[in-house]
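Visitor: Once you've had a glance at the structure underneath, I'll fire off some questions.
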Amino acid sequence: MENKKTIYFLCTGNSCRSQMAEAWGKQYLGDKWNVYSAGIEAHGVNPNAIKAMNEVNIDITNQTSDMIDINILNNADLVVTLCSHADSVCPSTPPHVNRVHWGFDDPAGKEWSEFQRVRDEIRERIKRFSEIGE
């Protein structure tokens, strides 16, 4: 019997930040949470996001870039927006769905070191959530 909660990471294109968050979420929260990610649009998984996660031995090549699924959104226990655009244009969530904003810079189109920095910041934030629940 599965009593896992559902966490849903959202950003604009489901390309970089939410993909990395989904991967870290599965690593740190997978025992207790079903972990999903999506975007306002689906831009495809950024090759540098794949490369950044490979650098820490996490393979996200099988993750897909998806638009927001209203069923997952409406049934999630926690929705986490990762960029201000997703926070402002995300469809409304029902009152029983806890929604929080964890803002991270968009590394797309920037230096490689930005992908590494954002990857590590997302890891630390999700690790903290796994340890203290906030």
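From the backbone N, Cα and C atoms, a Cβ is placed for every residue, glycine too.
The active site, nucleophile annotation in Swiss-Prot covers Cys11, Cys83, Cys90 and is backed by sequence analysis. Residues or ranges marked as disulfide bond by Swiss-Prot: Cys11-Cys83, Cys83-Cys90.
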Visitor: Taking only the Cα atoms, work out how far Cys11 (active site, nucleophile) lies from Cys83 (active site, nucleophile), in Å, as a whole number.
Guide: 6
Visitor: Between Cys83 (active site, nucleophile) and Cys90 (active site, nucleophile), how far is it from one CA atom to the other, in Å?
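Guide: Given the Cα positions, Cys83 (active site, nucleophile) is 10 Å from Cys90 (active site, nucleophile).
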Visitor: According to DSSP, does Cys83 (active site, nucleophile) fall in a helix, a strand, or coil?
Guide: coil
Visitor: Let me know how many other Cβ atoms fall within 10 Å of the Cβ of Cys11 (active site, nucleophile).
Guide: 29
